[in-house]
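Here the structure is laid out as structure tokens; the discussion comes afterwards.
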Amino acid sequence: MGEVVATTVSFADEKAPAETVGVGRYVEMEQDGDSNTVKSRLSGLFWHGGSAYDAWFSCASNQVAQVLLTLPYSFSQLGMLSGILFQIFYGLMGSWTAYLISILYVEYRTRKEREKADFRNHVIQWFEVLDGLLGRHWRNVGLAFNCTFLLFGSVIQLIACASNIYYINDKLDKRTWTYIFGACCATTVFIPSFHNYRIWSFLGLVMTTYTAWYLAIASLIHGQVDGVKHSGPTKMVLYFTGATNILYTFGGHAVTVEIMHAMWRPQKFKAIYLMATLYVLTLTLPSAASVYWAFGDALLTHSNALAMLPRTAWRDAAVVLMLIHHLCKRAAARLPVVVPIWFLAIIFPFFGPINSAVGSLLVSFTVYIIPALAHMITFRSASARENAVETPPRFMGRWTGTFIINAFVVAWVLVVGFGFGGWASITNFVHQIDTFGLFTKCYQCPPPPPGNSIPFPGGPLGNITMPFNGTAGITPAPAPSPASLLHHHRHHHSHGL
């Protein structure tokens with residue numbers, strides 16, 4: 001941290017603590033005005049924030065949300081041991097790439113501040129960091145992946161909202177709920193920046209914490225269903241689909257640079273993200289393991305864990321809290337293209353399978369491969385390493401150790417995440433389309449009462465009204481899973497919406 005101070009001390013004329021000087025004049029902007037009034041104090045307490053605590057809340061609440069409900073589904077695909085190991089592994093890998101992003105951000109900002117750049121009225125974006133350090137081609141690639149990821153992140157949020165609220169009120173189909181919550185998410189454009197996100201980050205984390213522990217405790221109280229089996233993993237397509245969903249889970253730092261820029265002392269971000277990841281693991285591991293222990297292989301046909309538990313006031317509270325959390329998320333506000341988001345959510349309402357597809361095709365590059373490659377190339381020369389604002393810690397092996405870790409991240413994610421994961425998730429995704437069709441009105445909904453179904457002979461309409469095969473003791477109808485990929489022709493006409 002002293003190196004950061006040394007490079008930027010000339011940029012601040014006032015006498016201030018070393019860490020404060022290290023971030024240039026940005027702190028001055030944040031602390032302008034009369035901070036002694038009751039109104040300003042209340043605003044600072046509930047709304048405006050740039051402290052390390054605010055960053056921790058933002059990181060933790062952005063890392064895990066609706067994906068929490070699909071992790072038991074991933075455990076049924078991976079098995080208990082692999083599910084736990086992949087969560088820890090990808091949690092640490094995500095923290096590492098977040099660390100790389102923070103190093104690149106500090107390097108870029110320090111270089112610009114040496115050139116007398118002023119960021120008081122400008123929020124630094126990730127693509128700007130790539131542009132400043134590596135050139136416009138890297139900027140364009142990073143911007144394309146980031147925007148696409150944020151677009152589909154918004155799509156997944158809308159799908160999750162419709163899937164969750166249906167378990168409280170099934171008088172409206174999931175497609176109608178998608179329209180409703182799409183309109184609600186569009187209102188988040190009134191939240192101007194992550195500085196004005198304190199209350200939402202705090203509440204979002206409280207909501208996620210409640211839901212995670214509800215899943216764990218309710219599953220333990222419910223106990224194991226009769227004849228429960230834990231046979232995973234059984235097929236490669238299942239295994240890598242589950243792994244990419246966990247890859248997606250810990251790839252929530254596409255907004256890392258904005259959170260850092262919102263901090264008054266961004267140098268602290270490195271430790272903050274790791275602490276946030278460790279907290280998230282205390283939510284994801286107990287909840288996923290408990291639900292999988294209770295329901296086992298039945299989760300292969302139920303991607304939303306809430307569908308497995310009986311309706312109670314506790315479950316309704318979890319649904320409502322998750323819905324509010326979705327509305328607090330910034331993805332829709334940062335990418336306000338509401339019509340395409342709605343359209344994609346209506347075409348592909350496959351909650352669960354779409355997470356794995358986005359994880360393998362987009363998160364693998366946006367969050368893992370690009371930051372690791374960018375760090376390697378930025379500091380590839382001896383002069384760049386010598387003049388670096390921050391050098392890698394000794395316990396990581398300095399530059400050699402960092403290069404080896406980065407090379408491993410790139411190779412692993414490219415082969416396992418993008419390669420095998422892409423193959424598995426796309427195979428699963430195509431299977432959903434083959435089974436349910438596009439523009440499904442109510443994905444994974446229970447069958448209509450006997451006698452109300454109107455059969456259609458063949459064609460895409462055949463999937464719309466024919467009932468599911470029920471599963472004893474489970475209210476929602478089973479969803480198609482990759483486990484039946486080799487036999488989907490036999491099951492194709494036994495499902496309906």
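Cβ atoms here come from the backbone N, Cα and C positions, even for glycine.
Model, not experiment: these values are computed from the prediction.
What TrEMBL records for this protein:
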- 48-327: domain 'Amino acid transporter transmembrane' (DOMAIN)
- 328-414: domain 'Amino acid transporter transmembrane' (DOMAIN)
- 84-106: transmembrane segment (TRANSMEM)
- 143-165: transmembrane segment (TRANSMEM)
- 177-195: transmembrane segment (TRANSMEM)
- 202-225: transmembrane segment (TRANSMEM)
- 237-259: transmembrane segment (TRANSMEM)
- 271-293: transmembrane segment (TRANSMEM)
- 331-351: transmembrane segment (TRANSMEM)
- 357-378: transmembrane segment (TRANSMEM)
- 399-423: transmembrane segment (TRANSMEM)
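Sequence-distant contacts of the transmembrane segment (399-423), counting only residues of its own chain at least 6 positions beyond either end whose CB sits under 8 Å from a CB of the stretch, comprise 93, 96-97, 100, 236-237, 240-241, 243-244, 247, 356, 359-361, 364-365, 368-369, 372-373, 375-376, 379, 385, 391-392.
In this chain, the transmembrane segment (357-378) lies close to the transmembrane segment (84-106): three or more C-beta pairs between them fall below 8 angstroms, excluding pairs fewer than 6 positions apart. Contact between the transmembrane segment (84-106) and the transmembrane segment (202-225) is absent: fewer than three CB pairs lie under 8 Å, with pairs separated by 6 or more positions in sequence. Residues of the domain 'Amino acid transporter transmembrane' (328-414) grouped by DSSP class, helix first, strand second and coil last, total 66 helix, 0 strand, 21 coil.
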